[in-house]
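What follows is a set of notes on a single structure, which appears directly below.
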């Protein structure tokens, strides 16, 4: 599918939420199967969006069991009943495995209970089993109604009035085992738990020179194991979809001993709980420990993470994902017709899509069938593009071929960090260095940005030099905001001295400006006529050409965690409003998305101009809120959203206007947003996007092999980014037109579309464009 195949219609054809009404409709929301962090955010979004459009929304407690039992298990929800649940793990409405719903009698009871409350729209949050059950229920619905009418439990009018059941699913599962969706609700939070444990284990393992075998959950899906192995640079990983080849025991022991010989003091082996060999026999953690102890004599420990992975606070990513999906689910139910198949709302790249539920379920079952029949390549293919990409990247970075097996290109590729530090930069450098070495290049590290480049702070960097960099925050190479413009002569001299054939720049808006300056200097300095590519890395997420930047997710999690603590403080004090200032320069990404993830009442950003009337409206909104049971407020403000409406001004205005109703406090989060260990998302995004950048450089250098060609075309100076569903290389010359240089932001930003969501979920009226919604797509199998 192309990135553009669901563009919003133009002009009068645009469709807004106001055009959809839920009046007279009743929506039932339930969570079923294993719990997952973020389910509460989804429940909150469904309830609030449902109420916003005028529908009645009911909680169905304890999953399908509550639907079968009826009575107090089905209760109407109101706005306040989903307050303060965003930051809570698990599901507040409970989940239970239900045998009764598997029988027709059970489903008959469930139908009767729903009809008593007029519910003909179901929003099911759960795994493939729960969603398959919902689809069967929908198919049987008319038959169940007729049976209830024959039994005298409902009249003929009710059969006609409630003739159709609409079902929309959201996949809540930490395993990420549902085909058709890139990320299921809960997966990112589970990765956070795993990486927290791995980071903690690494310190003790290094102290004692130990080997740790970590078993992670995921049933028959290796996603958690694979991505956590990628995020922590594990020595070996065992997956159900890609079993190790015959003789793996010896290969693994050789790999572990080689790593020890390179002065690595610890080994990490990650095992998926469903790991198997090529004969479909289980590979257990204990078996691996036994092997390492007997063959190598290493001090080895096994850690089984278990249900820790299901627990804890949802990550910012899961809260935003679940909120987006919950809103999309309500819109899908409002737009459903009797002919619409049951669908799943999901994420494809950065794009919300609807997919036919049974197509997804079928493909998910096909993966298991392929594994049972030992067609492992098919299993990886069916898991999708993201899974296959992660697997290939892991293999490239984990296993170093002997030097004599790597064909040398005689090319020197330099890596530089530019701008402010961002968590994940080191993961990106590690990935670039290792992929470059595997491709036969000589890799050079430039220290301290363009300043260091001009001074000749350049050294060769090897495979082992970047070991253990993935989990390190900040920038090990050192980074500065200095632009190359005033050092062009010196930098050209260094390019010539070190025979640099290509340049990879990892950084923020300064890196983008630097790339433009180097590109413009090509006519004067032929040394710059080499392939140059930039990978966006900044907490501000303000680089043109990419929807995401390395470091923004970690900053968002820092903001979200801090807001959770502040909200807790405000809840204890009662009648208190907090004003939080976030970073980002003129870019409101952190304030807006932080507001969505933390459940803020307002977020002031530069991209949406505001005046004193808007501030007054916010005060009135908070005054009304204090009359309810939720007696606290949270307001986010981007640091450069307004020259005059500063954080101090807003604090003073709120303090004065709120006198006698609420008091006010302010917090400036500052540079804590740039620090800390990178989140799993930033580690993996940095790792994968940097590997892609090096593949591009290698392909460009192959064009010139032996010919000494100079690169002068625009397509040899690019920014690599994610746009909607695709990873794309865009020439900086083209991106100039899309850039607001004065305010250092792109002219168009995708996340502004989500701005109304934050307002709606905070009880403001807002105009939400739903033109992109409504296209039911088909699941596309991907070929490896």
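Cβ coordinates come from backbone N, Cα and C, glycine included.
Between the candidates 146, 147, 246, 273, Swiss-Prot assigns the substrate site shared with 173, 174, 175, 210, 217, 218, 219, 301, 307, 308, 309, 310 to 273. Per Swiss-Prot, the ATP site holds 97, 98, 127, 128, 129, 130; the candidate it also names there, chosen from 34, 38, 186, is 34.
All protein chains shown were included, and the count of other CB atoms within 10 Å of the CB of residue 308 (substrate binding site) stands at 16. Comparing C-alpha positions, residue 173 (substrate binding site) sits nearest to 395 among the modified residues 21, 395, 486, 651. Each of the recorded positions 21, 142, 219, 310, 386 was scored by the other Cβ atoms within 10 Å of its Cβ; the lowest score goes to 21. Counting neighbouring Cβ atoms within 10 Å of each of the modified residues (395, 688), the lowest count belongs to 395.
Mapped onto DSSP classes, the region 'Interdomain linker' (400-411) shows 3 helix, 0 strand, 9 coil. Within the same chain, residues at least six positions away from residue 301 (substrate binding site) with a Cβ under 8 Å of its Cβ are 210, 211, 212, 213, 289. For the binding-site residues 128, 175, the greatest number of Cβ atoms within 10 Å around a candidate Cβ is found at 175. When the binding-site residues 128, 175, 219, 308, 310 are ranked by how far their Cα is from the Cα of residue 386 (phosphoserine), 175 comes first. Rounded to a whole number, the C-alpha distance linking residue 21 (phosphoserine) with residue 688 (N6-acetyllysine) is 43 angstrom. Around the Cβ of residue 651 (phosphotyrosine), the number of neighbouring Cβ atoms within 10 Å comes to 20.
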